[in-house]
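Listed features, source Swiss-Prot:
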type	residues	note
BINDING	CYS24, CYS27, CYS40, CYS43	Zn(2+) binding site
Amino acid sequence: MAKKSMIVKALRKPKYKTRQKNRCKLCGRPKGYMRDFSMCRICFRNHASAGLIPGVSKSSW
């Protein structure tokens, strides 16, 4: 889990646009971020497996 201070810091508008770091809306994880869903890969996998994200299904071939 991300530190609470880092999550709050990421929510503030940065002075320069290049300093912005995307974070997961659910857990605050900065890495493995998926822009389309605004969450990290771990939270995405959990929500997709539970069927909480409409239109997403497990692929198999």
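Backbone N, Cα and C atoms are what each Cβ position is placed from, and that goes for glycine too.
Keep in mind it's a predicted model, so treat the numbers as computed, not measured.
Following the DSSP three-state reduction, the secondary structure of CYS40 (Zn(2+) binding site) is strand. A C-beta separation below 8 Å, combined with a sequence spacing of at least six in one chain, links CYS40 (Zn(2+) binding site) to CYS24, LEU26, CYS27, ARG29, LYS31, GLY32, TYR33, MET34. Surrounding the centroid of the Cβ atoms of CYS24, CYS27, CYS40, CYS43, where the record places Zn(2+), the chain contributes additional residues within 8 Å, namely ARG23, LYS25, LEU26, GLY28, ARG29, GLY32, TYR33, MET39, ARG41, ILE42, PHE44. Listed in sequence order, the residues of the same chain lying 6 or more apart from CYS43 (Zn(2+) binding site) and placing their CB within less than 8 Å of its CB are CYS24, LEU26, CYS27, ARG29. Reduced to three states, the DSSP call for CYS27 (Zn(2+) binding site) is coil.
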